[in-house]
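Trainee: Structure in structure tokens, see below.
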């Protein structure tokens, strides 16, 4: 292990030495640091002796970890007291990128935090998790008064591991209005757990390269250094990284200075960065790597795209570089606020838990969300890159410049970014019509969850969200997709210009500070008043009904009488809503509408029921509500109007806007699941698809028919269903075969490319021989010349899956080898997912075992791979057995804070529709109470509710559905 020293530049002290070599030297020189700081600033810390303490044990009685369970003790509460307010940190870290004598990767560091005492107190609580401290005078930290006076002495310190605090008890109180500095020296593990300061790896040739990187959100900055780790505790950060000289260090801000040191024959660089603006701990980031970058310095903001050298050399960063500048410019205009920092670094990491993270000025991504290679990446990969970039850059203002006060309002942060990502992406790719996709990707996806009694409001009470697992659980589809959908609705009824006006004043007023969601409502109300926007009530009164109660309404209209009413839409109409609502689950609903002859003015439904004469159109024409699905609600009609809409779809479907053709399908299927219309009416909405070539209606139908597949692919119903889908998709397959000159040309429009993929994937997966023969032929061509893949990137997922499904071990092994050597992560993702398409039980069982072996499947991909296996009818019971037998291992790896953990529970239970499976799920819950379910707790309750709903739905609809499919295919 390398040894030596570095020069630390802490506040008010220059030239204090912190050893970086052998443990004894580290301890001795750490004491020198503490002693010198005491001399300079009146330190408190006991006698000048040192020892080392770990996160679980200590060496002296003064630092023994507390075992007190009294909930009234401040250190047993999850939230910080408000007595202390941090103002600045100086953090120095040195990651060691080779294992130590214990075969562990570690980092060492010191941290100095200056804080203001706002209320006199004799207790300091600061977050710390899995850090080992070098004791100073027998204590974990030393305390100094900034003005040179003598601070109170420390009487006791310990690590409260449950609530993740370093606790310091003082012999006297800190004085109100006085500034203090807390200094600590620590060591942590540079683990591969994807949290805090962690280790990522990749291979270059046969050499393993190690990257030291970060993921602080939500509660993991405390795993990198002791800090007041709550979003409202904003401060200025000065970061210094000590790193091998052949590596580069980057952080939120530009490099301020760098110099080189020789320590025991190894060359180290000490890189200090400019101080950050006031910001939250969860947005801090630093990376030490041998990555390369491409850059654009033509504007006032330096833009760099970083990644593995091979990926950058192959041009995989060029698309992100091309689009980042225009997206930043778009948001500067949209927010009427200049980008707040001098640079924008974006880094593609080989190992990353989330999709991306909006660290201020240093955004981190999974490689598949930043890197793009035209030779390997599909149009879906390209859309993913531009939308994720737009999402993260949107946060640079909304979330970073102005930040939520606490995680109970996460929806405003993530929902807003999930909405405006479509606006930013549209500005970068204006020919794609990408804003329309929000209806399918966000609104309809989240409604499936929000129609459960186990859903939750967008905004929680602040006291409902406390523990790290509770915080992680808030990062769900409700926060992201419902938040986006509700804000889209708000922007629509205000108009985008008025919405932007309120947004801009909100950002200007709260820059570098924290807010609650009502602050945005106040600024939007000012814009409404200024522009005289007619509304039935205040912004707060309207929007509170959408944010403070879960769910959404179904609006039912009778076109014979003009009556319109609303009710809480639940997939299981017999379920009981236990969460109370002061609004009694009613909403103020903005309704847009049209008939064949005109488009009407927006109508507001403010009561449970009303009558609107404009809606009384009779039985000989149709009425359509919720144009472009701008409102977050479903629509039901009297049978006569449904018949008219179905007739219009049959005669000339293009008379109805394309988004609303998708709406008719999605509403009908979900109303049928809720027993508000017949299941045959829902199925009838798919008849016109034999003449439809647009993507959105087809995707809406496939999404809903997938539920039928999940419910019936283990029964005789699936045979008749397969014949029907073959009948409907064959014209689409033929249409795209002709349009693409036998699959050799790529359609120009984004939506057309997506629907070509639908045509291939549906035809192959439902057994159309011509499609499967195409897949086999393309696979064989590739097999004969591995270096020349003849399959177009857009079609690879479908073709690979079909080849694996219809092949055996030989095909699986070939695809596995290609996965291991894939040069682009988007290609590796396609191959990894295709491997789950096997119909061989033993192969899928082996693949499940691979998911818990990080040498075969990266940790970041483990849960999504299990999910894909579970989506396979052969793999589903295997995945369920695997989850149950490996729950402790999986929970230990992913349960506490993984964004994907809740999806794991949902995926493996999505087919459950029998009493036996319900009992298994209930037993699973009972058997694992001691371990817990962490961030999957709510997902488990939702799985139980879905299963009960599925049981009832299948009982009531199986025979009717079977008869309908048989009748539709009787002549085929």
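Placed from the backbone N, Cα and C atoms, the Cβ positions cover glycine too.
Swiss-Prot lists these features:
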TOPO_DOM  2-10  topological domain 'Cytoplasmic'
COMPBIAS  47-70  compositional bias 'Low complexity'
REGION    73-967  region 'Metalloprotease'
BINDING   355, 356, 357, 358, 359  substrate binding site
BINDING   391, 395, 414  Zn(2+) binding site
SITE      480  site 'Transition state stabilizer'
DISULFID  764-771  disulfide bond
DISULFID  801-837  disulfide bond
Trainee: Summarise the model confidence on the region 'Metalloprotease' (73-967) as a single mean pLDDT, whole number.
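Mentor: Across the residues of the region 'Metalloprotease' (73-967) the model's pLDDT averages 95 on the 0 to 100 scale.
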Trainee: If you count the C-beta atoms lying within 10 Å of each candidate's C-beta, which of the recorded positions 358, 837 ends up with the smallest number?
Mentor: 358
Trainee: Rank the recorded positions 356, 764, 771, 801 by the number of other Cβ atoms within 10 Å of each Cβ, and give the residue at the low end.
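Mentor: Ranked by other Cβ atoms within 10 Å, the recorded positions 356, 764, 771, 801 bottom out at 356.
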Trainee: Including all protein chains displayed, how many Cβ atoms other than that of residue 357 (substrate binding site) lie within 10 Å of its Cβ?
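Mentor: Within a 10 Å radius of the Cβ of residue 357 (substrate binding site) lie 23 other Cβ atoms.
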Trainee: What other residues of the same chain, not counting 391, 395, 414, have a CB atom within 8 A of the CB centroid of the Zn(2+) site?
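Mentor: The answer, listed by sequence position, is 358, 392, 394, 398, 399, 413, 416, 417, 418, 421.
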Trainee: Measuring CB to CB from residue 414 (Zn(2+) binding site), give everything in the same chain under 8 Å that is also at least six residues away in sequence.
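Mentor: Correct list: 475, 479, 480, 483.
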Trainee: So which recorded positions are near residue 359 (substrate binding site), with CA atoms within 10 Å, out of 395, 764, 801?
Mentor: 395
Trainee: If you compare CA-to-CA distances from residue 837 (disulfide bond) to each of the recorded positions 356, 357, 358, 395, 764, which comes out shortest?
Mentor: 764
Trainee: In the same chain, outside 355, 356, 357, 358, 359, whose C-beta lies within 8 angstroms of the Cβ mean position for the substrate site?
Mentor: 217, 354, 363, 364, 365, 392, 395
Trainee: How many whole Å apart are the CA atoms of residue 357 (substrate binding site) and residue 395 (Zn(2+) binding site)?
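Mentor: So the alpha carbons of residue 357 (substrate binding site) and residue 395 (Zn(2+) binding site) sit roughly 9 Å from each other.
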Trainee: Among the recorded positions 355, 358, 391, 395, 764, 771, which ones place their C-alpha within 10 angstroms of the C-alpha of residue 801 (disulfide bond)?
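Mentor: Candidates kept after distance check: 764.
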Trainee: If you compare CA-to-CA distances from residue 764 (disulfide bond) to each of the binding-site residues 355, 356, 358, 391, 395, which comes out shortest?
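Mentor: Checked the binding-site residues 355, 356, 358, 391, 395; minimum Cα distance to residue 764 (disulfide bond) goes to 355.
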Trainee: Look up residue 357 (substrate binding site) in the DSSP assignment and report helix, strand or coil.
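Mentor: DSSP call for residue 357 (substrate binding site): strand.
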Trainee: Please list residues from the chain of residue 355 (substrate binding site) whose Cβ is under 8 angstroms from its Cβ, counting only those at least six apart in sequence.
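Mentor: Expected: 365, 366, 369, 388.
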Trainee: Rounded to the nearest Å, what's the C-alpha distance separating residue 356 (substrate binding site) and residue 391 (Zn(2+) binding site)? Just drop the number here, would you?
Mentor: 9
Trainee: Restricting the comparison to the recorded positions 391, 395, 771, which residue's C-alpha is spatially nearest the C-alpha of residue 358 (substrate binding site)?
Mentor: 395
Trainee: Between residue 395 (Zn(2+) binding site) and residue 771 (disulfide bond), find the distance joining the two CA atoms and give it rounded to the nearest Å.
Mentor: 43
Trainee: Note down the number of other Cβ atoms within 10 Å of the Cβ of residue 395 (Zn(2+) binding site), including every protein chain shown.
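Mentor: Taking all protein chains shown, residue 395 (Zn(2+) binding site) has 26 Cβ neighbours within 10 Å.
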